[in-house]
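Taking it in order: structure first as structure tokens, then the write-up.
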Amino acid sequence: MRLPLQILTLHAVRRASSVPAGMVSFVPACSTADAHSLELLQDFVSRARRLFVITGAGLSTESGIPDYRSEGVGLYARTDRRPMQYSEFVRSAKARQRYWARNFVGWPQFSSHLPNSAHRALQRWEERGKLHWLVTQNVDSLHSKAGQKRLTELHGCDHRVMCLGCGAVSEREELQAKFIALNPEWRAQTSGVAPDGDVFIEDEQVLHFRVPSCEACGGILKPEVTFFGDNVNKATVQFVRDRLAESDALLVAGSSLQVYSGYRFLLAAGDRKMSVAILNIGPTRADHLAELKVSGRCGEVLSAIHSV
């Protein structure tokens, strides 16, 4: 039986932030975790034998990657920019040129981001047999960099590129070399960065940027990620459902669950009467499905929980 929801707004305690210097601007304002909230989450994790975890952009803000929706610091709050829509990318060569030019400039910084204490904590849980499966909505590869193996990247990964014609998959780093070869003199002034590695460049700066086609079939190259307006692969969704069915508790870390692709698994957990806990700064779409809601920084909180 699901217990009444306990929402813990953590007491403000002055303590050094777990967020690296220079990156805190992407993390929403939040109090520091208190002992009581940690005890309740520790009890939730300890009771779980096969823990299923869903992570979102709130896990990567502490690595210096902004999210979309956080109040005051998310992309939507800071700018009027919106992410590329799948339909626009497919139908418009100019849209693809604009997207890849921005992605080309942002790639060196985006690809250099490293896992933070939250990623490392979840990897330790896997090593010790606590974490049965992890599903991330992020496309930044930080879980893989941390060594996570029992992992599904629900929306794909920006570190891979696919051809929309023949389906060939290649490494994003290889495409970067092709961009450099095709655009040896191209330069652009940029500002800001988006969660998918995009940066902001005025349209007139991208007019002469050259984009390669697939070497095998001449098809359109696209990051192997689910763009807004596209659907997650049905086989991937079913695979995740099967892993959820094998689990006995679900923890959400760093996601508002506003996108249905992740929220659907909370609905499935509710149908199964599974224990659900949510760790996130701010409200989520699934707060009503949780027996425990903790508001706090993922790195700070998860690092304090033991996988016993």
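Just so you know, glycine gets a Cβ as well, placed from its N, Cα and C.
Per TrEMBL, the features are as follows:
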- His155: active site, proton acceptor (ACT_SITE)
- 56-76, 137-140, 254-256, 280-282, Cys298: NAD(+) binding site (BINDING)
- Cys163, Cys166, Cys214, Cys217: Zn(2+) binding site (BINDING)
- 31-308: domain 'Deacetylase sirtuin-type' (DOMAIN)
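Locations of recorded TrEMBL features on the structure.
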residue : record                       : Cβ neighbours (10 Å)
Gly56   : NAD(+) binding site          : 27
Ser60   : NAD(+) binding site          : 27
Gly64   : NAD(+) binding site          : 21
Asp140  : NAD(+) binding site          : 25
His155  : active site, proton acceptor : 23
Cys163  : Zn(2+) binding site          : 20
Cys166  : Zn(2+) binding site          : 11
Cys214  : Zn(2+) binding site          : 18
Cys217  : Zn(2+) binding site          : 13
Asn280  : NAD(+) binding site          : 27
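Put simply, Ser60 (NAD(+) binding site) is 27 Å from Cys163 (Zn(2+) binding site) when counted between their Cα atoms. Nearest neighbour of Asn280 (NAD(+) binding site) by Cα distance, taken over the recorded positions His155, Cys166, Cys217: His155. The two recorded residues, Cys214 (Zn(2+) binding site) and His155 (active site, proton acceptor), have Cα atoms 22 Å apart. Taking the centroid of the Cβ atoms of Cys163, Cys166, Cys214, Cys217 as the Zn(2+) site, the other same-chain residues with Cβ within 8 Å of it are Leu164, Gly165, Gly167, Ala168, Ser213, Glu215, Ala216, Gly218, Gly219. Taking the C-alpha atom of the residue listed as 'active site, proton acceptor' as reference, the shortest distance to any of the binding-site residues Ser60, Asp140, Cys166, Cys217 belongs to Asp140.
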